[in-house]
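For reference, Swiss-Prot has these:
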- 1-22: compositional bias 'Basic and acidic residues' (COMPBIAS)
- 1-44: region 'Disordered' (REGION)
- 23-36: compositional bias 'Low complexity' (COMPBIAS)
- 46-74: motif 'Q motif' (MOTIF)
- 77-248: domain 'Helicase ATP-binding' (DOMAIN)
- Ala90, Gln91, Thr92, Gly93, Ser94, Gly95, Lys96, Thr97: ATP binding site (BINDING)
- 196-199: motif 'DEAD box' (MOTIF)
- 275-419: domain 'Helicase C-terminal' (DOMAIN)
- 442-465: region 'Disordered' (REGION)
- 442-453: compositional bias 'Basic residues' (COMPBIAS)
- 454-465: compositional bias 'Basic and acidic residues' (COMPBIAS)
Amino acid sequence: MAPSEKKLTEDKKNSSLNKKIETSNSSSEKSSENNNGDSQNNEAPKTFKELGVIDELCEACEKLGFKTPTPIQQEAIPVVLNKRDVIGLAQTGSGKTAAFALPVIQELWNNPSPFFAVVLAPTRELAYQISEQFEAIGGSIGVRSVVIVGGMDMVTQAVALSKKPHVLVCTPGRLMDHLENTKGFSLKNLKYLIMDEADRLLDMDFGPIIDKILKIIPHERRTLLFSATMTSKVEKLQRASLHQPVRVAVSSKFSTVDTLIQRYLFFPFKHKDTYLVYLVNELAGNSIIIFARTVNDTQRLAILLRTLGFSAIPLHGQLSQSNRLGALNKFKSGARSTLVATDVAARGLDIPLVDVVINYDIPTDSKAYIHRVGRTARAGRAGKSIALVTQYDLEPFLRIEATIGKKMQEYEIDKEGVFLLSERVGEAQREAIIQMKEIHDRRKSKGKLHTKRKRDDLDREEQIY
C-alpha cells in the first residue's frame with residue numbers, strides 16, 4: 001500500500017472522525033436537488049461547512065484563502081457529495097476547480113483507493129494547475145496527483161502511474177496512449193471522471209478520443225462535466241457520459257462578471273505600440289496580461305517592453321512545454337509583472353491576482369474577448385480590462401459591446417504624455433525587429449520545423465502560426 005493510501009486509511013479508522021464525515025454527508029443529502037435534475041438552493045450557504053464539507057477540508061480552504069464558497073461551489077458541492085452526476089455551467093473565473101476538487105477529495109477521504117479520479121483537461125497548462133489545486137486542498141491528508149500530458153516522456157509518466165496515485169489529471173490524447181500501451185495500467189476501479197472546459201475539449205477535436213476513453217472506463221462511476229457554454233457537442237457528450245445529471249447553472253448568459261471594470265482607448269493604428277507602452281507605464285506595480293493575436297506580435301511586444309525596462313515575458317503555443325510552464329510560474333510568482341500572450345492564456349489557467357487585462361488586438365469572436373478579460377476579476381475580486389481600438393477594430397468592438405450588453409467608457413489618458421514616449425518607443429521597435437530576426441534565423445538554422453504529427457499534437461494549446 002502506498003504511504004499516502006495508508007495515511008488516508010489510518011485516518012479513516014478514527015471513529016470520531018467517521019462520525020463527523022457521516023454528519024457532513026447526511027447534511028449534504030438534505031441540501032441539493034429535485035427530481036427534475038435542477039439544482040435548488042433557496043438559501044445559499046455562507047460557509048464550506050454548511051455545504052457538507054468536513055472540518056479537515058474546511059481548514060485547508062481557510063489556509064488557501066477560500067473565505068466563502070463561490071456560487072458554483074455553493075451549487076455543485078452538495079450535489080456531488082450526494083453522489084449525483086453533475087453538469088456545471090459557470091462563467092470564467094467562478095472557482096469551479098474547487099467546486100469539483102473538494103467533494104471528490106472528501107469522497108476519497110471516505111474510500112481511499114488508487115486511480116480514484118481522472119480529470120480531463122484541454123491544455124497542458126490547465127492540467128498542471130488542476131493538479132496543483134488537488135494537492136493544495138488534499139495535501140494535508142496525503143492526496144497524490146499526477147499530471148499525464150503530451151510533450152513529456154512516456155516512460156517517466158509510466159513510472160509515475162506505477163506508484164498508483166489517487167488522482168490523474170490528463171489531456172485525452174496522452175491518457176489514451178497509456179491506456180493502450182502502458183503495461184499494467186488500467187482504470188477498472190475508477191470512481192470519478194471529471195471533464196473540465198468540456199466545450200473547449202470538443203472544440204479541439206478530442207471528441208473521438210473521449211468516446212474511446214468512455215468505452216474503456218467503468219460504467220459504474222460518477223461523471224462531472226463543467227463547461228463555460230452549452231453547445232450541441234457538449235449536449236451530445238452529456239447524453240453519452242452522464243447518468244441522470246443535476247444541472248447547476250450559475251450563469252446561463254455568456255457575460256462578464258460585475259466586479260470587472262471595462263474601458264477602451266481609441267486611436268490611429270500607427271500609434272498602437274506607443275499607447276500600449278503608455279498604459280503599461282501608467283499601470284506600473286500592477287499584474288498585467290496583454291493579449292495579442294499572433295505568436296509574432298506576442299514575442300515582439302515582450303521584447304519591446306523589456307527593451308524599455310518593463311519585466312515582460314511571452315506565452316504562446318510555439319514555446320516548449322518547459323518554457324510555457326516557466327513563463328507562467330515567473331508571472332504567477334511576481335518575478336515578471338507583465339505576461340504577453342496569445343489566446344493560449346485566455347481560458348482555464350488559474351492565475352491569481354491579475355489586476356489588468358489589456359487587449360492589444362481586439363478578437364473577432366466576442367466569446368474570446370470574454371474569456372480573455374475573465375483572467376482578472378476572478379472569484380469575486382475586482383479587476384480592470386482595457387481594449388485598444390483602432391479604426392480597423394470598430395466592427396468587432398461594437399459586437400463585443402452588444403454581446404456583453406454594456407457600453408464601455410473611454411479610459412482617460414494624458415495624450416501629451418503618450419506622444420512624449422514616441423521617440424523611445426520607435427527606438428525600442430527597431431531593437432525588437434533586430435532581435436526578432438535573430439530569433440527567426442536561429443530557428444531556421446536549428447531546423448526545428450517538424451512535419452510528422454502524432455496524437456500528442458491534439459494536446460497543443462493553439463494553432464502554430
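Here the Cβ of each residue, glycine as well, is placed from N, Cα and C on the backbone.
Ser94 (ATP binding site) carries neither a helix nor a strand DSSP state and counts as coil. Just so you know, the Cβ of Ala90 (ATP binding site) picks up 23 other Cβ atoms within 10 Å once every protein chain is counted. Note: the motif 'Q motif' (46-74) comprises 16 helix, 0 strand, 13 coil (DSSP; helix = H, G, I, strand = E, B).
Note on the domain 'Helicase C-terminal' (275-419): DSSP counts are 61 helix, 25 strand, 59 coil.
If you take every residue in the domain 'Helicase C-terminal' (275-419) and average the pLDDT, you get 92. The number of other Cβ atoms within 10 Å of the Cβ belonging to Thr97 (ATP binding site), over all protein chains shown, comes to 24.
Its Cβ taken as reference, Gly95 (ATP binding site) is surrounded by 20 other Cβ atoms within 10 Å in the chains shown.
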